[in-house]
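Since the structure comes first, as structure tokens, the remarks are kept for the end.
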């Protein structure tokens, strides 16, 4: 069975990496796991060893048929459910996940990384945690200015993910752990403590409108970008009150400062 390039398929082939992913998710018999794109089931097998139930979403009908045979016993017992579906059309509320709680653990198609993050982090039915195999560069961008080997700037991606949870790179994964080999290395990213508590003083919509405006033009300073939606005088007063230098750029502001900035800008 050949991987389909159109579906972004790079099958995980390393049993050790599969175990590392499950370990990162701290999977127990009390957990319901949502696996995205199970492929040939190398990760599914380990998830079934530890989880109470696994729901696997697979778009490829050939792989669904293969998995139905490979895991027929687990499916018959009710421990595994395989749904032939595009993950971007999946609603976790329909599965009753809202009441039960669930974790997302997956080696995802890299070309829909951003969409998957938004889908589950912004959902009214958020997972407890997420463990995702991502491109290494994307995982590092999500970490932003948090403690990493390289000093990185913040981005819309890093601030957005950190607003919903606590990301952590578990380990780097070499291209040889997949078939076919991707052109870049990957990384296992854990996002814990997922919630919407960050948005207690303002709406998600207001926060992300301000964030995106702040990053709109990289050549402009943050103050200049935000003047498109806030009065310059008000901006100057808030910057001064918070001790933010007027020459600061959006990429230099960490999550906590963004929270303080938006909260104060939106005060009546």
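Even glycines carry a Cβ here, placed using N, Cα and C.
Note that the structure is predicted; figures quoted are calculated from it, not measured.
S-adenosyl-L-methionine binding, as stated in TrEMBL, involves 10, 12, 37, 86, 107; the candidate among 58, 62, 122, 137 given for that site is 58. In the three-state DSSP assignment, the secondary structure recorded for residue 37 (S-adenosyl-L-methionine binding site) is coil.
Residue 86 (S-adenosyl-L-methionine binding site) is surrounded by 11 other CB atoms, counting those within 10 A of its CB over all protein chains shown. Binding residues for S-adenosyl-L-methionine (10, 12, 37, 58, 86, 107) extend across at most 20 Å, taking the greatest CA-CA distance.
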